[in-house]
């Protein structure tokens, strides 16, 4: 793993003492929709590293390309040019099946909603990625994760019998259970009340601190971003700023400094009907 | 409200497509049946009316019923009667008509018309207006015949060729003197018609100097009824009856429409089954649509729509769907009606031509069926839609799974099922006639009961399949859970398939059992190597029995000669046999006395013995058709069957009393048993006759088997429609489930389920549902087959249940195939779902 920071990044130097191995890297990543008149550049030659055991938040106004960046790096979406690596694997050359396998084995996901299969129990949902892979789950590890998120009592419940916060904790446990190289969260707290949201974010931060997990999360909420080690800011498909060891206030301040950049009110983007 | 409903229909075009198709197929079946039967009936009536154009009054013999010791007789229509009829005032001319069986061989010696459609008749005089000649001239004497143009074309005969034909046994080889055209229905339907000159026809058909019918033509200006009155006055009323041509045409028309309405009703039953199956799909679709639109509907309620209005909006949607289905179904039905005619023609059955009859009734029925069925099936989902509380618009719960308790449903189902089984079991203990109706009621109860119970049954039955599904890993597990997720939906989908398979299996079991029992009946009692009979099962000339007896290698033979008698004032049919041979040729179970047929010693079957109180040693007097009486002694009582029953006596006793002896069959035993050579020798001895069948036991079995196969295939074809509709239902359910679960599938894809596994998941779900329906259907079908057999068994001593395992396996495989095929499109859709939009949605 190289340590060269991307030249485009502003000199927000990572604090000393942190590991510098890279879990995922995007280089000159572009994503363009449509052609001619309708051409939209969602990502414009973005280069960014996500270091191991680091909790990164991606922020930016609606349409800034933050979700697109995450989807491309996570192998959920294709990109127009540039390259993405997860560990040693270059994503650009992978076919759908290989990409699927990569997601299954190396990536954990937490979505805003619809994280769980209603027909499966909490435990079955947690071990689902391993079941898909046809692998035996590491029982001790799974137990550890379950204890960490505090679900030991609810393993045989179905999602419909769990609260929203509990469901999202199941999703966190599922993401952690298969020991992925990197976990991506897409507004993981967007649908939760603040207390449940804080719990889920706490688990994610603990997994980084205690288990050395790598986590990348898209959010619009400065409070959520404050749980991260590092925040990168996107606007118009480019990275415009980054910040280490953020607090809710410092994030808010920085966002205010962007031209026309008011932080979105929580819930706006989340409920935006995109279907 | 109306606009909202219509917008919904348009917005869900794709999702409603399968529903429209399902209803459309049913409607097409109904309207196709109506168009076809109306068209054919119309054409047949027109052609038959044409056939009576040249008949003003028909004179037919009046059958004289048996009375006292007199055997009933058909009076003879003699030449004298004909001459008398021709001289009646108002009569222009009279034609003597003769008809009978005449088999024509093609150049390879094979029968041209079917077994039943080889007819013969007479050509009247030198120019018979009934049969316009295309070429050649009227037949003269024994050496000349006319054949119809269709037969001539098929067999490649031309004027001057020699043809091989046979009327009652002996082979004739006359010359074709001419070829004629006719609009005789039998010929139009692919049969053959051969015409002899009148004296030859009289000789061949055993009507020396007499006719079967005398057709009288009126002079210009004389009405049919006037002529009829004149004939009634001139001819002996006791011996003949007269009918006007118009009456005959009307009777014929009534008969045609009666027989067509039988066909129509039969077909409509199957159309009804297809429609019934279709209702499950409609109900399922609308239930799912309503569930998916919970929020929308709740919003409507929140902004002030009443419950009635919500229900109505669903019903308007159903109305639109039904109308589209009705109109397209009608169009398809007209196509089917037209297509069926050409299809049947290509199978060799020529139906009379004529315009396609599309009556206003057909149009109205098609539309009404489409609309009413759709709206009825959508009614319950519509009611359910109305119950959505306005507050559901605010809640984020999307398409909640049905959580309503199934307790009521299960209780009701259990009661109905138990009642159905009880009624059927009770019916099996009755005799065939009284039990029939009860069994029908039981069958309906049981089917409805099982249908109501399917959600409950789905759990254990699908759980039973889980070891197999486990092989497919996570796809199998998800498929199983998805199929159990909404028991009502799974049940409705599986039931649709169940109904078709129940009927198919039931029919198959019954047919297999019946075939076996008839086969046994026909062959078990026979020890003869061969049975010789006429192709149309008509009477054989005694000449055949004589020729067989003297053929090389024949060791024993006996005719089965027909006779009629009066005994104690009852009509009894007699079978005259060679008493010395019959014991060796048959293997009938004797229950009393011994099987001895010799002189005046005879054997009788159990039914006859019981009726008359006869035992071995009883004596009675038989009055033969010539009026003479004979004292006979019962030597033994045997168990009769379809082939041999009644009173069996020595033909030496019977034949002297017969004016025109004829045999139904001749039984033969050869020195070396049944073999190709033996058969060949017999064929040769009988002059390689196209009209005569020489069958060994295997041939008899094959023939019975063929008959059953034909009937079964037809039933399969008709029930196939119901199965196709059920397949549409499976496709529909799966496609809608995939749509509903788009986000789940997107999530699964994101966390690592590849496209293949997604496809497999949908396919396995489909397979599970289809096999569930298949197992239920086959199970029920076997039960019905068994029960119906128990009922029939009371009438048929040889009946025993035959389970056609091979067929049943095929049906199960068919259900599986249905599942796999139905999943093709939904599985593709599921695999192609855009992961991102699926995740992002909501």
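Just so it is clear, glycine is given a Cβ too, placed from its N, Cα and C backbone atoms.
TrEMBL: automatically predicted annotations, no manual curation.
Small disclaimer: the values here were computed from a predicted structure and weren't measured.
Looking at B:242-266, B:267-291, B:517-541, B:542-566, the range tied to transmembrane segment in TrEMBL is B:267-291. TrEMBL lists transmembrane segment at one of the ranges B:206-230, B:356-380, B:381-405, namely B:356-380. Remote same-chain partners of the transmembrane segment (B:406-426), defined as residues 6 or more beyond its termini with a Cβ less than 8 Å from a stretch Cβ, comprise 438-439, 441-453, 455-456, 487, 783-784, 787. Looking at B:438-457, B:490-514, B:766-788, the range that has the most CB pairs within less than 8 A of the transmembrane segment (B:267-291) turns out to be B:490-514. Against the transmembrane segment (B:808-827), stretch B:714-739 shows more Cβ pairs under 8 Å than any other of B:314-336, B:356-380, B:490-514, B:714-739. With a cut-off of 8 Å between Cβ atoms, the residues of this chain six or more beyond the transmembrane segment (B:714-739) that come close are 15, 18-19, 21-22, 25-26, 29, 267, 270-271, 273-274, 276-278, 280-281, 284-285, 288, 292, 482, 489-490, 492-493, 496-497, 499-501, 503-504, 507, 745, 762, 765-766, 769-770, 773, 814, 818-819, 821-823, 825-827, 829-830, 833.
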